[in-house]
Amino acid sequence: MAAATLSPVDTEKISKLNSAVAGLNQISDDEKNGFINLVSRYLSGEAQHVEWSKIQTPTDEVVVPYEILAPTSDDPEEIKKLLDKLVVLKLNGGLGTTMGCTGPKSVIEVRDGLTFLDLIVIQIENLNSKYGCNVPLLLMNSFNTHDDTLKIVEKYSNSNVEIHTFNQSQYPRLVIDDFTPLPSKGQTGKDGWYPPGHGDVFPSLKNSGKLDALLSKGKEYVFIANSDNLGAVVDLKILSHLIKNKNEYCMEVTPKTLADVKGGTLISYEGRVQLLEIAQVPDEHVNEFKSIEKFKIFNTNNLWVNLKAIKRLVEADELKMEIIPNPKEVDGIKVLQLETAAGAAIRFFDNAIGINVPRSRFLPVKATSDLLLVQSDLYTLEDGFIIRNKDRTNPANPSIELGPEFKKVGNFLSRFKSIPSIVELDSLKVAGDVWFGSGIILKGKVSITAKPGVKLEIPDEAVLENKNINGPEDL
């Protein structure tokens, strides 16, 4: 796609911005250049518009069903060869603030006293010891999580997993009124800056020197995933398929449910596979985009990418992903953050595919309602892997809605003496000042509402099946 040219007014804006950014000595030249480049693309209106009539549903060659992947060899030597080509990279830039926690989200305890990061390290430790391989773990931090993460990873120093950390770019927030960087206006703290989305993983890998170091050790593929997706574990069938078929990029997709209608989907467009996000959809087609019948799959953000291809495309400056404008307000000043997403890079890689994976590979923990699922008897923990209970016959997880009293992890934990049994639960809705005893079993559809100003306690060992509870008299 040819770069659009800038108007004289926008050229002047970029020129002033360039001068202002040059004086920001908190960031590197790579970051300054990357930022100016992103803003120039944004001003030129290089947004990628999708012609709806050209969209095609991808075939099974483009989005491969997981079931048809060839089984991997049982020979430990063959498996070791495969795994020695792999690097695992977790996106670790997010804070746990929405769940009421301080520090990186990856240090929230998920189950049995283990954090997201503990589970990730245990999984890779088990692979490395079982096959005698060396799969390293990379953590891409943001300036928000960097210092804390460095302290946290010290506890794994005796592990057989090489852990490397690097920072994604740090860009200045743009003041909308006069198009100047916020830090130039005296906002020198963290609020003046932002990490520009996980699309930045590719240039940051290169700029940090990690990419060349990994290539020099014979690594070929990186498996990128969100640190809070408990289903994103190394899969030998996927890795083997990509190496055999020389796929430069693979996005794991999974069938949509009604909860996933906003997730990006894969389409075939002008001969290439491409991610279609809701922001790119013309208004008149938004309902069609959300329909499960037409667009059946969505992006899990589990991505497998060839390292040499990343190097080639970053060096040629060809990764021009769609820009996501994210307006914010800092101390009453309206600012703009320009971001990109890693999944949108799929269209720049050769022989890129999707793989339609089982839902078990997408188990994100975004809220305490998700924490309730993974801490319950719906799952067990084996060798760092969260395994779904076979006694659950319904392939879908129960839908869980917890009121604001449960939003913060600390409050959530204090309101449950123990996590209820939910293997036979379809849905749970909790509102108000509700407290749970121990040994409770929930089945079918359960709704519990405490009246305003009234504390409602669910007694120990209670069995609630298809119940609507509005007070102690309903128990």
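Residue positions begin at 1 at the first shown residue.
Glycine too: its Cβ is placed from the backbone N, Cα and C atoms.
It should be emphasised that the depicted structure is a prediction, and the values quoted were computed from it without experimental measurement.
Features as listed in TrEMBL:
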{"type": "BINDING", "residues": "Lys105, Gln168, Gly197, Asp228, Lys366", "note": "UTP binding site"}
{"type": "BINDING", "residues": "His198", "note": "substrate binding site"}
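Rounded to a whole number, the C-alpha distance linking Lys105 (UTP binding site) with His198 (substrate binding site) is 15 angstrom.
Shown are the binding-site residues Lys105, His198, Lys366; of these, the residue with the fewest other Cβ atoms within 10 Å is Lys366. Here the binding residues for UTP are Lys105, Gln168, Gly197, Asp228, Lys366. Their largest Cα to Cα distance works out to 21 Å.
Long-range Cβ neighbours of Gly197 (UTP binding site) (same chain, at least 6 residues apart, Cβ-Cβ under 8 Å): Ile324, Glu339, Thr340, Ala341.
Among the binding-site residues Gln168, Asp228, the residue whose Cβ has the fewest other Cβ atoms within 10 Å is Asp228. A separation of roughly 17 Å, to the nearest angstrom, links the Cα atoms of Lys366 (UTP binding site) and the residue listed as 'substrate binding site'. Distance from the CA of His198 (substrate binding site) to the CA of Gln168 (UTP binding site) is 8 Å. Here the Cα atom of Asp228 (UTP binding site) is found 14 Å from that of the residue listed as 'substrate binding site'.
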